[in-house]
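Report on one structure; see the data block that follows.
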Amino acid sequence: MKAIAEHTGLYPKICLECGKSFRRSLNLLSHQRVHTGERPYQCPKCRRSFAQQSSLTIHLRIHTGETPYSCPQCGKCFRQSSNLLKHKQIHRGVRPHQCSDCGKCFAQRSNLITHQRIHTGEMPFLCSECGQAFRQHRSLLSHQRYHKGNVSNEYNCPECGKNFISHLVNHQRIHTGEKPYHCTDCGKNFIQNSALKRHQRSHRGDRPYRCSDCGKSFSRNAHLAKHQGIHTGLKPYECLDCGKKFSVKMNLVIHQRIHTGEKPYMCLECGKSFSQRAHFIIHRRIHTGEKPYECPDCGRAFRVSSHLVTHQKIHMAKTSFICPDCGKSFNGSKQFVQHKRCHTTGENRPLPNSGSDHSEPQQVCPTDKLYKCLECGKCFTHSKNFSTHQRIHTGEKPYKCPECGKRYGASSTLSRHRKIHMEEKPYKCPDCDKSFSYKADLIKHHRVHTGEKPYVCGECGKSFSQSSNFVTHQRSHTGEKPYECPDCGKSFTVSSSLIEHQRVHTAEKPFLCLECGKSFNRSSHLSVHQRIHTGERPFQCPDCGKGFTILSTLSKHQRIHTGEKPYKCPKCERSFRVSSILTQHIRTHTGEKPYVCSECARSFSQKSPLIAHQKLHNRQKTW
């Protein structure tokens, strides 16, 4: 049968390993190297080996920089003709292969097949050495280099020790600062040629990547992919550690550094490392002294563009209104008019009634604060602020969120809340990548990393990172508790504690986790919970570097290093690091077993043995 096939010319050359047939013996020999692992063609530059001469020829262009295949429409160049053919389909808009799960279209069927594995979870390419599975064949080939003894062919960065299968040359430019690709239009330099090509589109106005849904065009394919998520809602790139999804693969790569702790961008001056290149660039300016953002009004320069924006507000808000009676100055006419009332109405001007029927004589506020709350005694300069404050006592919440129905006492608080739905968080922490809706929140958060506590109590010397915590603390000395619960009469030092307490009566849980749907009665509990999804651990132990999601857990952990055991048993004098362990220990003396099995009434001193015990009943039920 084989002889007949050879004479007819149908399947003259057959691979005995996989049965694939070839017309030429040369093609069969090249194919058999897939099975044998033979790579006879070696690169003289980096010693990397290839199974075929054509693959070596293409690879050598990495070292020479040769990109002979140019797109006639946008000028983009490629090392391989096949890559140019694929690229041209972007301009033609031909995407005949559509995903039946999400509707995304592809120019090539092979790309659709690879994409569909995101939905099916299929990983058909299995490593015969260790069993690890991959979605793409090229990922398997890269992985197999470790097993085939080609680890020596892996490229090691002598600066930071990081290993690369490819792109080591590009990576090393991070350390050297070399930017060999120069833009002739504006003089800006780039590490990679691809980055220069993308940048040059900003001068030409080229936007070759067009959205088929709305017609909007983009200069980068990644920007188009991110934009298309608006139409499809598709976020195909999922973090295997916390489940968070992303519409762009690079965002997933950056996010995963939270879990791995990887900070590939290291400063050679001070050794500090960063997870994102943008943060690294800003940091380097500390050492170089570079301040590229200059104020056109006064010439002052800044390292970060946001600092310039903040600074320019000083010039935009020049003081122009000075009170002729007391010399006080104001930025705007409205504040100036409000202040003038202090002088025109007299110091003993009656305060507006707050709505209560108190018959006691009214105390007079400072002359620049005309409105006094008769509930708690707080004074205000503006009637609007006074009215907003009164809602704390009345419980009125006239501003409703159209997204989730949650209500607020102030319009500004509603505006702040709505950014949660819009996911608008433009202010990012350079240390941990956490983002915030407001710059003030970023400043407060950053004190977690710096340890700065600028607010010091004059009574006991205790310091605080936030002014609100400082004001609350001072009430511990004065005994003031101005916020009273109308249901049970319990009083609180801060309004937020009252609001949280009232949820005990209403059973309200307004803080919803958008990732899993779980609800909480406190925003702080939601914030802590969300770290399960993000993997964020902002509280780091200075002794061993271990990270924690909440400060109290870090405090408990640090007792391992200090040996401190503040919780002492009154029966046997034994000490413990954590109060909950002391509570469990005391039960050995009292014999208390508060955890009772609902199936057989057996009781336990701890919850974990009860859970293990209940599994026995569950197994018996399945039998």
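Just so you know, glycine gets a Cβ as well, placed from its N, Cα and C.
What TrEMBL lists as domain 'C2H2-type' is 41-68, 69-96, 97-124, 125-152, 155-180, 293-320, 321-348, 399-426, 455-482, 539-566, 567-594, 595-622 (among others).
Panel annotation: around the domain 'C2H2-type' (455-482), residues 375-378, 444, 447-448, 491-494 of the same chain, lying at least six beyond its termini, place a Cβ under 8 Å from a Cβ of the stretch. Panel annotation: around the domain 'C2H2-type' (595-622), residues 584, 587-588 of the same chain, lying at least six beyond its termini, place a Cβ under 8 Å from a Cβ of the stretch. Counting only same-chain residues 6+ beyond the ends of the domain 'C2H2-type' (399-426), those with a CB under 8 A from a CB of the stretch are 388, 391-392, 435-438, 510, 512, 514. The domain 'C2H2-type' (595-622): residue composition by secondary structure is 16 helix, 4 strand, 8 coil, according to DSSP. Secondary structure of the domain 'C2H2-type' (399-426) per DSSP, as helix, strand and coil residue counts: 12 helix, 4 strand, 12 coil. Taking H, G and I as helix, E and B as strand and the rest as coil, DSSP gives the domain 'C2H2-type' (539-566) the counts 12 helix, 4 strand, 12 coil. In terms of DSSP helix, strand and coil, the domain 'C2H2-type' (455-482) has 12 helix, 4 strand, 12 coil.
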